[in-house]
Amino acid sequence: MKVLKVGESYSARDSEGFVTPDSFFTNEILEMYVVEDKGGAIALMLAALLFLGTWPAVLTLLERRGRLPQHTYLDYSITNLLAAILIALTFGQIGDSKPNMPNFFTQLSQDNWSSILFAMAGGIVLSLGNLATQYAWAFVGLSVTEVITSSITVVIGTTMNYFLDDRINKAEILFPGVGCFLIAVCLGSAVHSSNSADNKEKLGGSSSNYKGIVYGDNKNGINDPKKDLENNLDSGSNHVLTSKTEKAKAGTAEFLIELENRRSIKVIGSNIFLGLGIVFFAGICFSLFSPAFNLATNDQWHTLKKGVPHLVVYTAFFYFSVSCFILAIALNLIFLYKPILGLPRSSLKAYVNDWNGRQWALLAGLLCGFGNGFQFMGGQAAGYAAADAVQALPLVSTFWGVVLFGEYRRSSKKTYVLLASMLSMFIVAVAVLMASSGHRKA
């Protein structure tokens, strides 16, 4: 990974945008840690891919154990913001501030509100997307949700970033990769439809045949909205249930029924289009946050006043995360008292007393925060269109979905063929998208 070193001048660069060896000035020091080459950018994108593919599995695990998504998302939001603050205070604050690249604290007082608003707009749409996927994971499944949302993100968002980045990515390589993701959207929808049919057939032939399932309006896939968790949590009692689900064989009707009784979001009998609608909404939100961040850091629309430096990636990520945090907290506090999709009503007091699984929700926030930060750092060096290769995170999420949750166990041959085809498209797409990366000129 090529970075600026102490004693090098940031402004002296060769024709490709790299620091030149003769740009050494003994009185100058590095203002911040900056990724300088494509290799370093790809390393960051791979780390982001691992982090961003893992945190959804952590939140899914908590929901399947019965923890309310409102409680989980409030915890997650705290450490997600903390990650952005840590990145800003370390990478963004090292060394002296310089006119062409001010450090974090210097930039907080500059007249750059147009770029700040772009960054905060990106945080808002990301927050809406993440919030929607938390419910989509229950209805559609972790693997398919991540495939469809990531594919929509690439098809729309990567195309926008390509033009915003002044076409620094290789179009002849980039757009075939986008095409692979577009095909994956169709395959992901087909996997969900086939797997839903498999589950319906299993439940229809089960001796239990839905007996013992605890929900109210199962036509809409929701449970009794009148249930109130506050009495259960006032004393900090455990509501992350234990059950026979771990003993039942994954993929069987008994497993599905016991899981339904245990989880917080009831999904058996839900309309197939309810889950897909949530997924497509999330995908559209995700497709907009990276272009907004791109505009915040590179000012392609020339909204900044003359002489005002662009937002550095660390400062932009801070504002991005602040808006993401504010919206997430506001919406989830409302959902505590007025829950959606028939979830039990809760309260702020119940949330504070709910320590079961909290450490995992906090970990998920850190993984997501650092994953997004690494994605943006890589995108600033290699182009945000290429950085969207981290949207191949379903490769990681599917691994966790199969290993941890037994998704697609005992499914039909048709489902397995569609699943294999979907993942094959992602393997090709991530390789093609990363191969399209260029290098941003100074």
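Counting starts with 1 at the first residue shown.
Any Cβ shown, glycine's included, is placed from N, Cα and C.
For reference, TrEMBL has these:
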type     : residues : note
TRANSMEM : 41-62    : transmembrane segment
TRANSMEM : 74-94    : transmembrane segment
TRANSMEM : 114-132  : transmembrane segment
TRANSMEM : 139-161  : transmembrane segment
TRANSMEM : 173-192  : transmembrane segment
TRANSMEM : 272-293  : transmembrane segment
TRANSMEM : 313-337  : transmembrane segment
TRANSMEM : 358-378  : transmembrane segment
TRANSMEM : 384-405  : transmembrane segment
TRANSMEM : 417-436  : transmembrane segment
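The stretches the transmembrane segment (358-378) and the transmembrane segment (417-436) are not in mutual contact, being linked by fewer than three Cβ pairs under 8 Å (pairs 6 or more apart in sequence).
Here the transmembrane segment (313-337) does not touch the transmembrane segment (173-192). Their Cβ atoms form fewer than 3 pairs under 8 Å, with each pair 6 or more residues apart. The stretch from 74-94, 114-132, 272-293 with the most CB pairs below 8 A to the transmembrane segment (173-192) is 272-293. Outside the transmembrane segment (74-94), and at least 6 residues removed from its termini, the chain residues within Cβ reach (under 8 Å) are 30-33, 55, 59, 103-105, 312, 314-315, 317-318, 320-322, 324-325, 328-329, 332-333, 351, 358, 361-366, 368-370, 373, 377.
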